[in-house]
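This report concerns only the one structure given below.
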Amino acid sequence: MREVLYMTDKKNLRTPIVCVMGHVDHGKTTLLDKIRGTAIVSGEAGAITQHIGATEVPIDVIVNKLGDPKLRDRFMVPGLLFIDTPGHHAFTTLRSRGGALADLAIVVVDINEGFKPQTYESLQILKRFKTPFVVVANKIDRIGGWASQKDMPFAATFKKQSPDVQGRLETKLYEVIGELYNQGFAAERYDRVTNFQKTLGVVPASAVTGEGIPDVLMVLLGLAQKFLEANLQYSAKNPGVGTVLEVKEEKGLGATLDVILYDGTLKKGDTVVIGSLGEPIQTKVRALLKPRELSEIRYESKFKQVSEVTAAAGVKISAPGLDGALAGSPIRVATEETLGEIVAQVKSEIDEVRIDTGSVGVMIKADTLGSLEALVHEFQKDEVPIRKAEVGDISHRDAVEASTVEDPLYSVLIGFNVKVHPDARDFLQESTVKVFTSDVIYRLVEDYQKYVKEQQELAEKKIFETIIRPGKFKILPGCVFRQSKPAVVGVRVLGGVVRTNADVMLENGNVVGKIKGLQSEGENIPSAKVGKEVAMAIEGATVGRQIKEEDVLYINVPERHAKVLEHEIYDSLSTDEKETLDIFLTLKRKNNPFWAK
């Protein structure tokens, strides 16, 4: 690596918080599993992370992975605290005053599959919060002909591959790098980066064989020390400050909180203030359950009770009255002297998240404050009006409220990572309310955009079905089959569309009759488009008087319809319809310049 990423001054730095992001099945949990040296993944259904967790990886374990004991003194951070969760979910949950709490992120991409929806979502969120991250181009062991070298640094294993295999890896790697450029990130293979502030490092690796994992750890530690020194400084004497990651019911404990402590110290018996939808919760810590090093928060049997924890750490808190606590909300230690001030601060932070809503718009529900913020941000970016935005599952009350909205564009419920209550589901099945649920934010945005387009097309279709459209036709020579009552003539459609029951006019503006019928090859038809030659019955016209062979006639579009055609659905008309309408309007406006304006 060309750029030196070490520091020499000892600082009181806390453990950096690292969020692992990426698409399902691209190897997030396997990567962490390799770093930890435990076998968590193998015990999970489908090898997909099922629960949010946090794992502390001490610096000694990391140095051991790097294989160079001398590095111990070069790295000042005490280790890395990994948050492990599907996609980007924990990243948005881990929030502090609307910002991201994670110090660093890893975006895992399957080098063979490339970018997927949650990959793009992760990048968008990281860009928004300006979080430093490293990209792991995972599953290099699946490149055709790859000779795996267990746990080797990337440079060493790369040298052992044949030129053909090296070429295949470079091709796939630069497809990943190219897509990062498309997303607005300058990127390069990590060992070719000369300035990590300007260029994103991409580490080819295999979470299964361990190849490249030492490099991932090295880059993370280097980034933490080079760019996050100020963020990581803390004082153990400070009262604890953290974020609620998840609210969980536990046997024998009731409601508990999984918390990421990012500043100060939290002790058993401390008074804590926690955000809720109502007034902040004030309670005393009954028990602190901390995972042993290299064990997951989500494996309860591996907890040990501790008397205190110091940032940064993942800890489970047992305390009375936690039922109303919100995932993503702040938790702060308070003393008798500071209680009033802390309650006001926590309430203020929750109030900041209350979304500005209007009298019209969609309803949004999300599972945490952070994901609600992220979801609302994306919809507001697309200028979608929001009537209501709340944390929680979709309830019967939500369903009833949405059903009272008449506009189909806003009779909509959007749910991120939430359930639909059974009574709400029953009600919704009988209603016209549209419901979108997903665990990918931008899929919700895309699905809603698609729905809006469908509704607009449906509305246009209804208009098209009722609107008399422009049409132009010519009476063909030698094709007068009947002179009057009604006149029956052969015509060629020159533009637009001709339909039965439409009035027709000459180029001088005179209305000469109404189309009573159309026939093609002896069959009655309702309409005929440009280029068609058909027989037309015109009631009210007599050939030789009002009309004659080779006359060009137009559908006499009513003024109200002409306004809609010109001002509302003009872009939806075909080219020949537009040309025909333009000529028709010119003819009409010769005598009345303001006609249909």
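Glycine is treated like the rest: Cβ placed from N, Cα and C.
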14-17, 70-73, 138-141, 266-269 - the one Swiss-Prot records as region 'G4': 138-141
Per Swiss-Prot record, range annotated region 'G3' [choices 84-87, 96-99, 148-151, 520-523]: 84-87
Range annotated as region 'G2' in Swiss-Prot, from 47-51, 437-441, 567-571: 47-51
Secondary-structure category, per DSSP, in which G22 (GTP binding site) falls: strand
Reported mean pLDDT - the region 'G2' (47-51): 27
Close in space, distant in sequence - I140 (GTP binding site), Cβ under 8 Å, 6 or more apart: I111, W146, L169, P204, A205, S206, E211, G212
